[in-house]
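K.L.:
Okay, here's the structure, questions in a sec.
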Amino acid sequence: MKILAYCVRPDEIDSFKNFSEKYGHTVDLIPDSFGPNVAHLAKGYDGISILGNDTCNREALEKIKDCGIKYLATRTAGVNNIDFDAAKEFGINVANVPAYSPNSVSEFTVGLALSLTRKIPFALKRVELNNFALGGLIGVELRNLTLGVIGTGRIGLKVIEGFSGFGMKKMIGYDIFENEKAKEYIEYKSLDEVYKEADIITLHAPLTDDNYHMIGKESIAKMKDGVFIINAARGALIDSEALIEGLKSGKIAGAALDSYEYEQGVFHNNKMNEIMKDDTLERLKSFPNVVITPHLGFYTDEAVSNMVEITLMNLQEFELKGTCKNQRVCK
């Protein structure tokens, strides 16, 4: 298959070279993020590959349809940037990478929890200013805390296994689909019970219409005073304005955001010399007890390699069978 890969980072190039040969593809790589303005570049190709922050709206999909594109493979698990109704209408088959390295996100989540509970980022900022005092840096020990995991699939399970080594006081979780393996470590509770009982709440659920802004004013009010919130899943699971109010009131002791609801066009881009227009993000950055990372929980050498390989495997399967096990939209 002849493929155009958009938004290719330098760290992906070797994997594309190696796996394109393995799966019999001809792949051209460009750094441009996919969107309506560059969709015309797909002319002459059979399929394209994109990333999760690319703009895959109706306009862009119609343009690649006019270019003859039948297959679209995102190198991510998340697909919230893709207009599925338009893809189906235009006969474009879509596939994703449902699991590239659950360990990468789970390890990062544990790191975020330690960063919050031990105030590591705040301490680092103070040291940069030659402030070596201990005042304001006292932390809490994980073994005295209850962990609440929302979403216990592949990544959530690895998160649970990772925290189990710290001897947490208790581990509880919520998922509409209970994981039998997770039951070896956690007790399943209702969502309200997780909000009420957990000292650390970590999110590992996909974004759906039903859980949009699940962490909002009402749910935060149900939480313990001094709760820590971690989001290494999808940004729009959290209502950012409600989060800010919770931080200002002291209800929330700290938040770690590797995903942010308005991250598209910002995360994974260098904005150092630009005036930031997102006042909400700027307010979140101003809190000393908020850790923001640019959606890099997935970002390990193994995960990047797997993302590229599974993407090219998906496109090979489309070419040979007309369908794919990781297909998200049927023609």
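Glycine residues also receive a Cβ, built from the backbone N, Cα and C atoms like all the rest.
What Swiss-Prot records for this protein is below:
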BINDING   Arg154, Ile155, Asp175, Ala205, Pro206, Asn211, Ala232, Ala233, Arg234, Asp258  NAD(+) binding site
ACT_SITE  Arg234  active site
ACT_SITE  Glu263  active site
ACT_SITE  His295  active site, proton donor
K.L.:
Using Cβ-Cβ distances, find the residues under 8 Å from His295 (active site, proton donor) that belong to the same chain and are at least 6 apart in sequence, listing them in sequence order.
P.N.:
Asn53, Asp258, Ser259, Tyr260, Glu263, Phe267, His268
K.L.:
Going along the chain, which residues six or more apart from Pro206 (NAD(+) binding site) have their CB under 8 A from its CB?
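P.N.:
Looking at Cβ-Cβ distances below 8 Å from Pro206 (NAD(+) binding site), excluding near sequence neighbours, one finds Gly78, Gly151, Ala233, Arg234.
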K.L.:
Count the Cβ atoms, other than its own, that fall within 10 Å of the Cβ of Glu263 (active site), considering every protein chain shown.
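P.N.:
Taking every protein chain into account, the count is 22.
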K.L.:
With H, G and I counted as helix, E and B as strand and the rest as coil, say where DSSP puts Arg154 (NAD(+) binding site).
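P.N.:
Once the DSSP labels are grouped into three classes, Arg154 (NAD(+) binding site) ends up as helix.
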K.L.:
In which DSSP state, out of helix, strand and coil, do we find Arg234 (NAD(+) binding site)?
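P.N.:
Its secondary structure by DSSP: coil.
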K.L.:
Which one, from the binding-site residues Arg154, Arg234, has the smallest tally of other C-beta atoms lying within 10 Å of its C-beta?
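P.N.:
Least crowded of the binding-site residues Arg154, Arg234, by Cβ count within 10 Å, is Arg154.
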K.L.:
Among the binding-site residues Asp175, Ala232, point out the residue whose Cβ has the most other Cβ atoms within 10 Å, with all shown protein chains included in the count.
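P.N.:
The residue with the densest Cβ neighbourhood is Ala232.
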